[in-house]
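Take a look at the structure set out below.
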Amino acid sequence: MELIKGNIASPKGFYADGKHAGLKRKRNDIGWIYSEVPANSAAVYTMNQMQAAPIFVTKDSFKNSAKLQAIIVNSGNANAVTGNQGMLDALSMRAKTAEKLAIPMDTVAVASTGIIGEMLPMDKIMTGIDLLEKQTGNAADFEEAILTTDTFQKQISFQTEIGGKTVTMSGVAKGSGMIHPNMATMLAFITTDAAIPAELLQKLLKIKVDKTFNQITVDGDTSTNDMVVVMANGCAENPLIQEGTADFEKFAAMFQAVTEHLAKSIARDGEGATKLIEVQVKGATKTEDARMIAKKIVSSSLVKTAAFGGDGNWGRIICAIGYSGGRFAPDNITIKIGGIEILNHSSQTIFNQQALDAYLEEEHIVIEVDLHIGLESGTAWGCDLSYEYVKINACYRT
């Protein structure tokens, strides 16, 4: 597997574009991804019960077959909690995109992100779709078009050889605030020219989302609009990937690399964030317990503020473990911060405070927890909680 300098349109047969339609003041705010042939596809969605209209429309596109040829996305307006009119507007976005690209409506996915509760300015949306270019667009413009409070574009591309063919996979994501996925707003789109059955793609997507996107948190809020969509158009002409083969393992490893990079990029770009926090839990009896405990630690406001202030207060970590709901033995917990052991079998150790203080000034903080009761492990990612987070969200609409 090789990291390459690419974009969401790097896999063969894919194109992308983005334009400024006027939903936001300056940046691009509408874009699409297009495959020149129908692609086997898979998707996962937010667990928030107040799901936005685009979620329902995308689910409808998957109803008859798991094939997509385009994804249309707008930012600046979530089209969430907008009633029947919001549903009609999302359907209109799908229909307009299908018409412009001359493809069936049920091969178009729709995604939106932005302010909740306001109606889409459909005149601007329709004009924006008309501006999008089918095969001569700029993928970087698409990457900008999906952003809201993000401070940087999030994308990654890899290549590997499968069955004697070069297979490319690219991913792009947005997310900065309202991030606590079970599947938060977090949008991610993955393209690949691999040939793989849709059913296997869906199974693999669910596994990788559980290990990566569902293990990040910024502020504990789960969005109405979360969506991850992957399209595999087969243009690499590799032999069809089958589960349990060496080719599948190669593809799965590349999939893991893409989703983990995007997840960590979202966590690193948390609103107002100055540090990425990574929590690694091992020694659990179940993977689910390890993941649950890791995520509870990284979700703790007290842990997040301690990270911002450079305070190695392990009491906040042990407290989060205690209410996590995961199984552990209270007398058997070991904690390290930046490799510095500060707790051994639930007793504080003698450690170098100056070294710990210096480490906590770094931009990537790793907390290791060993439960000493099993062999399973799990990782979660988040960010610190700063003054700037409050400022951004207090003034979001203005």
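Cβ atoms are placed via backbone N, Cα and C, with glycine included.
The substrate binding site annotation in Swiss-Prot covers T148, K174, T185, E271, N393, T398 and rests on sequence analysis. Here Swiss-Prot flags T185 as active site, nucleophile, drawing on sequence analysis.
Highest local Cβ density among the binding-site residues T148, K174 belongs to K174, counted as other Cβ atoms within 10 Å over all protein chains shown. Under the DSSP three-state reduction, K174 (substrate binding site) is assigned to strand.
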